[in-house]
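Note sheet for the following structure.
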Amino acid sequence: MDNKLTHFDNKGNAVMVDVSNKNETERIAIATGTVKASSETIELIKSDQIGKGDVLGVARVAGIMAMKNTSNLIPMCHPVMITGSSIDFEIDSEKNEIRITATSKVVHKTGVEMEALTGVSIAALTIYDMCKAVDKRMVIGDIHLVKKLGGKSGEFNF
């Protein structure tokens, strides 16, 4: 594994990595994270009883929109034309948590790890925003890259 930081020049200045000589290949990234909430909040989400509306539906759209706009949020992130993206939710009533999984796909010269991570993060923040009136103790956490496929560095599995 190459441990060299790529977003700095030899003087320590931040730069956007030059990907012009890289090959376009299919790249896939999967990220995940959780929102822990009270059992009452989880039940309100499951029964679509949150006053602001369909929590998971809105969070799904927000996460996908975030993936498409990642380069506007992360300064050195390249803009990419995402070819596929999804946000999925798994509610675990025993743990009182919602697991969010974001998948991002592209055929490009650079990967989409940041897009998947941003999708999870914004979906989680949207859940928090929509439910904060009933539960201010929600905890967003465990956001990480699960899998990366394609590109020069090959496959990564957490």
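All residue numbers here begin at 1 and follow the chain in the order shown.
Each Cβ is built from the backbone N, Cα and C atoms, and glycine gets one as well.
The structure displayed is predicted, hence computed values, not measured ones.
Here is what Swiss-Prot says about this protein:
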type	residues	note
ACT_SITE	Asp129	active site
BINDING	Met76, Cys77, His78, Met114, Glu115	substrate binding site
Quick check on the binding-site residues Met76, Cys77: which one has the highest count of other Cβ atoms within 10 Å of its Cβ?
Cys77
Same-chain shell around substrate excluding Met76, Cys77, His78, Met114, Glu115, C-beta within 8 angstroms of the CB centroid, reads Thr70, Ser71, Ile74, Pro79, Val80, Thr110
Using C-alpha atoms only, work out the spacing between Met76 (substrate binding site) and the residue listed as 'active site' and round it to an integer in Å.
27
Please give me the CB contact count at 10 A for Asp129 (active site), counting all chains in the structure.
14
Measuring Cα to Cα, tell me the gap between Glu115 (substrate binding site) and the residue listed as 'active site' in whole angstrom.
21
Just the number: how many Å between the Cα atoms of the residue listed as 'active site' and Met114 (substrate binding site)?
22
In sequence order, what residues of the same chain, 6+ apart, have a Cβ less than 8 Å from the Cβ of Met114 (substrate binding site)?
Thr70, Ile74, Cys77
With every protein chain in view, what's the tally of Cβ atoms within 10 Å of the Cβ of Glu115 (substrate binding site), excluding that atom itself?
29
